[in-house]
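Everything on this sheet refers to the single structure shown next.
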Amino acid sequence: MARMQIGPYRIDPPVVLAPMAGVTDKPFRLLCKRLGAGLAVSEMTASDPRLWQTRKSLKRMDHDGEPEPVSVQIAGYDPGMLAEAARFNVANGAQIIDINMGCPAKKVCNVWSGSALLQDEPLVARIVKAVVDAVDVPVTLKIRTGWDRQHKNALTIARIAEDNGIAALAVHGRTRADKYEGEAEYETIAAVKAAVRIPVLANGDVTTPQQAKHVLDATRADAVMIGRGAQGRPWIFREIAHYLATGELLPEPSPRDVSNILLGHLEHLHLFYGEQAGVRIARKHLGWYAKDRSENASFREVVNRAETAQEQSRLTRAYFETLQDSWRIAA
Ligand SMILES: Cc1cc2nc3c(=O)[nH]c(=O)nc-3n(C[C@H](O)[C@H](O)[C@H](O)COP(=O)(O)O)c2cc1C
């Protein structure tokens with residue numbers, strides 16, 4: 001596979017964590033990078049400067065100690081405001097700026113941003129140009145295949161992106177109207193890849209190494225981008241990277257491996273957000289780690305009642321020790 005490059009940054013392996021609001025915070029990005037992601041895109045930050053000083057935004061803009069390249073997503077609809085947001089984030093450590101034109105969320109689309117922008121091609125061009133001109137770092141763009149199945153304009157948008165200096169393009173194989181329904185399709189991503197020279201990241205429904213390889217083969221994309229498949233499974237990046245490099249599957253992580261990863265993740269969440277918010281945010285991740293096995297339902301119930309960091313970690317450790325014992329007996 002050819003080298004995947006965004007501006008001066010080599011993306012190796014070409015397996016990337018997708019931006020997910022409320023999920024891809026700094027603790028999760030660091031974890032995914034440590035477990036093999038070649039790039040991890042931040043949660044989107046608002047382009048409205050009135051929101052930049054809130055506690056939530058400040059946490060989102062904390063990139064201290066994050067391995068490069070630090071990629072920060074911005075969302076909005078006004079070229080001037082987006083340019084300003086890009087500058088602000090670069091001053092705060094962003095090494096790549098990613099523009100969100102892929103998100104169907106109401107909050108974003110109501111104000112004519114996210115994937116709703118795909119309906120207004122001249123505006124897309126103005127936004128892209130304004131942001132690219134505003135900063136010296138590479139600017140990437142994340143889109144869907146179009147706004148509905150009758151209007152799949154990803155190809156036009158991709159050319160606009162390329163002509164206006166976008167360094168790489170991520171395409172989610174659904175239209176905005178599809179939301180997250182049905183299955184992602186990869187033909188449009190393949191057509192985009194064939195039409196432009198900039199690197200293309202293929203995104204949508206990749207949850208296994210085999211699927212990652214299939215999508216890369218089918219689209220000829222330069223990298224694969226993983227969103228929901230990484231929730232509670234941050235080791236998916238090394239699994240995919242290993243499979244792409246060798247054609248072999250890594251063994252499933254043992255309960256002890258999962259426990260070590262999860263306890264480290266919990267500790268980082270508690271530290272990063274403080275105990276109260278950390279415990280609350282960790283519940284969401286605990287639910288994802290525990291989603292694969294039916295016996296985990298009881299664990300979720302118990303661990304969700306923990307109010308302190310210590311209790312949350314203790315219950316988690318105890319549960320996975322029991323799992324490890326039964327795993328060893330079964331093996
Ligand atoms: C909880 C959640 C939050 C998301 N937030 C964003 C976001 O802030 N910006 C964005 O461009 N896409 C966002 N997305 C879309 C993902 O980046 C990705 O395109 C989508 O989930 C499809 O990939 P997947 O099938 O691998 O999950 C979000 C998706 C989820 C599930």
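Here the Cβ of each residue, glycine as well, is placed from N, Cα and C on the backbone.
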Candidate from Gln73, Gln310, Gln312 that TrEMBL assigns to the same FMN site as Pro19, Met20, Ala21, Lys142, Asn203, Gly204, Asp205, Gly227, Arg228: Gln73
Three-state secondary structure, which DSSP defines for Ala21 (FMN binding site): coil
Rounded inter-Cα distance in Å - Gly227 (FMN binding site), Cys103 (active site, proton donor): 12
Sparsest-packed among the recorded positions, when each Cβ's other Cβ atoms within 10 Å are tallied, from Ala21, Cys103: Ala21
Neighbour tally for Gly204 (FMN binding site), based on other Cβ positions within 10 Å of its Cβ: 24
